[in-house]
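According to TrEMBL, the features are:
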| type | residues | note |
| --- | --- | --- |
| TRANSMEM | 25-51 | transmembrane segment |
| DOMAIN | 41-287 | domain 'G-protein coupled receptors family 1 profile' |
| TRANSMEM | 58-78 | transmembrane segment |
| TRANSMEM | 98-120 | transmembrane segment |
| TRANSMEM | 140-164 | transmembrane segment |
| TRANSMEM | 205-225 | transmembrane segment |
| TRANSMEM | 237-258 | transmembrane segment |
| TRANSMEM | 270-289 | transmembrane segment |
Amino acid sequence: MNGLNESVVSEFMLLGLASSWETKVFLMLIFSLIYLGIILGNLFIVFLVIFDSHLHSPMYFLLANLSLIDVGLSSTTVPKMITDLLNEYKIISFQSCMTQICFIHIMGGVEMVLLIAMAFDRYTAICKPLRYLNIMNPKICVSFVIAGWVIGVIHAMSQFAFIINLPFCGPNKVDSFYCDFPRIIKLACTDGAKFEFIIAANSGFMSMGTFFLLILSYIFILVTVWKRSSGDLSKAFVTLSAHITVVVLFFTPCMFLYVWPFPTSSIDKYLFIVDFAITPVLNPAIYTLRNKDIKISIKRLSKWGHYVKFC
């Protein structure tokens with residue numbers, strides 16, 4: 001931690017998303033509504049899964065954990081982004097910046113593992129339905145979640161260990177609304193080429209590898225169903241469409257930032273709005289509007305609410 005103490009830079013200035021006052025007010029209102037939707041929508045899913053015994057299954061256990069991670073991931077950046085829209089000087093301390101980076105990568109790593117677990121769950125349910133409950137037993141489900149947190153922490157700390165000791169002695173303007181490794185490395189008073197390679201090798205490989213693994217798994221599921229059902233893919237595709245949508249939305253910004261050469265434009269910060277705000281607010285809608293069990297659970301909850309009201 002000596003690098004932390006020796007750095008001359010004690011804070012960073014975030015340049016944010018917009019310059020005009022009207023645009024800032026508009027974005028503040030929009031993102032405030034989106035963040036409210038993220039909190040209410042995802043916590044509602046968690047509430048349903050916990051209190052409705054009909055949803056005590058592997059798929060919904062993983063979905064509830066995904067919802068919690070979405071709340072955590074968006075909470076690392078969106079609240080500060082909203083408050084910064086009204087501030088002329090968007091300051092974040094060095095310690096807060098490093099903490100934000102760590103939590104972003106920990107949560108991101110957990111989400112990637114959960115998406116893999118959900119793909120495996122769908123593969124087992126569709127391709128091996130008779131063995132589904134034996135394979136996706138509670139122990140396996142909990143192991144997926146624990147593995148996600150372990151991988152997330154290792155993923156974040158393996159990069160953080162290199163970055164924390166970089167000397168920051170001059171520039172402190174970050175052309176974004178949040179801190180992340182690529183932008184911070186650009187500000188270091190040293191040649192950051194090898195550190196850029198480390199980040200690309202770690203985050204880039206993890207993002208691209210997980211994305212292609214998921215896409216291949218969905219293709220394998222569809223091919224298996226196609227062979228078994230004489231070409232009728234409609235039911236399987238409806239089941240997987242929500243998962244595929246989430247995967248594409250989540251991984252596109254990650255691959256753009258970490259797989260491509262380090263960005264020289266500011267387009268990546270707008271892309272990451274998808275990961276921090278759009279995907280977390282869409283997940284509840286995607287999984288509830290297209291899911292019969294969730295719809296039935298909501299109706300059951302509504303009937304129970306009417307019953308309590310009239311009692």
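The backbone N, Cα and C atoms fix where each Cβ goes, glycine too.
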Between the transmembrane segment (237-258) and the stretches 58-78, 140-164, 205-225, 270-289, work out which stretch tops the count of Cβ pairs under 8 Å.
270-289
Closest-packing stretch to the transmembrane segment (98-120), where packing means Cβ pairs under 8 Å, from 140-164, 205-225, 270-289:
140-164
Tertiary contacts of the transmembrane segment (58-78), as residues 6+ beyond its ends and Cβ separation under 8 Å:
31, 34-35, 38-39, 41-43, 45-46, 49-50, 100, 103-104, 107-108, 110-111, 114-115, 117-118, 121-122, 125, 136-138, 140-141, 144-145, 148, 177-178, 275-277, 279-280, 283-284, 287, 293
Any idea what the model's mean pLDDT is for the domain 'G-protein coupled receptors family 1 profile' (41-287)?
86
